[in-house]
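> Starting off with a structure, shown below.
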Amino acid sequence: MSKVYVFDHPLIQHKVTLIRSKDTGTKEFRALVDEVAGLMAFEITRDLPLQEVEIQTPVATAKSKVIAGKKLGIVPILRAGLGMVDGFLQLVPAAKVGHVGLYRDPETLKPVEYYVKLPTDVEERDFIVIDPMLATGGSAVEAINSLKTRGAKNIKFMCLIAAPEGVEILQQAHPDVDIYIAALDEKLNDHGYIVPGLGDAGDRLFGTK
Ligand code: PRP
Ligand code: URA
C-alpha cells in the first residue's frame, strides 16, 4: 500500500488557512497556491539522490554534493494543477512539464480526459502529478492511468487538500503511488466537494466563478 504524507510545516499550514478563506481574492489565492507548491516541492524532493563532485572554491579543492542528474517530470492536471507549476519550478527549474487535461463531469463526477502531452522520455523519468484537490479521487486515478499507459513507472501524487475518500480510492487504484498533501480534510459533501476544503480550486485560481 502506498504511503500518505501530510506536510504539517507551520508555513504550509498558515498559507493553507489563508487559501481556504472565502475572503481571499483571486490574486492572493493564486500567489498563495504558488507559494505552497514551492514549499511542498522542497519537502517532496527530500529523497532526490545526490552524487559527489569535486569543485574549486576560491580557497581550496572541495568534494561536495549535487543532485544526481535524476530526470524529474511534473504533470499538472488541467486546469487547477497549473496554479502549482511555477512554484514547483522555482525550486526545480530543470524539471520537464507534462500536462493531463481532465474535467469532472458535474453530473456523474467522473473525470473526462481532453488532453495529454508528456515529455518524450516518459520511461526514464520520475513523475510528480500535481493538483490542488483530491476529492473523489477520480481525476488523480485517471491522470495516473494516463501516465502509466504511456510508460511512466515512478509516480508521486501531490495536492493541497485531500478528502479521505479520495485518498482511499487513489491508494486502491495505484498502491505504488505515494501521496503528499498539505491538509487532510473531513469528508466530501453530496456534490463531491471537499469539506471544509477551499471551494472550486480552478474557479478561484482563474476567477471564473
Ligand atoms: C478539480 C480539481 C481536480 C478534481 C478533483 O478539477 O482540480 O482535478 O476537481 O476532483 P476528483 O478527485 O473528484 O476527481 P475540475 O474537474 O473542477 O476541473 P478544473 O481544474 O478545470 O477546474
Ligand atoms: N474540485 C475542487 O476544485 N474542489 C473540491 O472541493 C472538489 C473538487
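Think of each number as a place in line: the chain as shown, counted from 1.
The backbone N, Cα and C atoms fix where each Cβ goes, glycine too.
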> Which of R104, R125, R150 does TrEMBL put in the same 5-phospho-alpha-D-ribose 1-diphosphate site as R79, D131, P132, M133, L134, A135, T136, G137, G138, S139, D200?
R104
> Give the mean pLDDT for the domain 'Phosphoribosyltransferase' (6-208) on the 0 to 100 scale.
96
> Whole-number answer please: how many Å between the C-alpha atoms of M133 (5-phospho-alpha-D-ribose 1-diphosphate binding site) and A201 (uracil binding site)?
7
> Fill in the CA-CA distance, A201 (uracil binding site) to S139 (5-phospho-alpha-D-ribose 1-diphosphate binding site), as an integer in Å.
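Taking the Cα atoms only, A201 (uracil binding site) lies 14 Å from S139 (5-phospho-alpha-D-ribose 1-diphosphate binding site).
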